[in-house]
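Contents: one structure, followed by commentary.
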């Protein structure tokens, strides 16, 4: 039963690869039939829970309520999408975002729920580090706008270089991953090699210091919450 549940959960999640817009597109009829099959299996599994559980316990369990709501939303979205498709109206399958609910809320997914709870409890404690990182990113972007925005620099494609604040924020955000390094600084470097110091300082502060700090905070808090959950018997209450 556990293997079958995981199989249909995986099948339901993998449908996103075959639905429009798709990596490997399949006819709508095929994907819709597979989705309805998965939802019927989930509904049957839920009915099985109801037969072996006291009704008062079953209806107080938020996991069961979440699964029922996800099934209802998925069927409603599928029906609306199918009707609109018949009339030639393009729409979006918004119910895709509820599909991970099946992975988290079935009884077989205790380990996943435990990890999810630890992540959820960790998020508030890393907010301050994230806000500090965003403040640093915004300040460096403002400095870049003042340094390069008034010098009429252009990229290799002939586009304006660092003249729009939001575009600067995005480019420097990508630079944190070093994905656009050193291309992002070449127009400024060609103008004056001293401008390379700005990008070196940015990478040191944000990539090597803030990202290491962010990773350390996430890891330590996640480990702490996971340890507390085990000490309180988290496995028994999942």
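First residue shown is number 1, and so on along the chain.
Cβ atoms here come from the backbone N, Cα and C positions, even for glycine.
Looking at 86-105, 106-125, 126-145, the range tied to transmembrane segment in TrEMBL is 126-145. In TrEMBL, the annotation transmembrane segment applies to 65-84, one of the ranges 65-84, 165-184.
Within the same chain, residues 122, 125-126, 129-130, 132-133, 136-137, 140, 143-144, 147-148, 172, 175-178, 181-182, 184-185, 188 sit at least 6 positions outside the transmembrane segment (194-219) and bring their C-beta atoms closer than 8 Å to a C-beta of that stretch. Beyond the ends of the signal peptide (1-16), by six or more residues, the same chain brings 22, 31, 34-35, 37-39, 41-42, 45, 96, 99-100, 102-103, 106, 108 to within a C-beta distance below 8 angstroms of the stretch.
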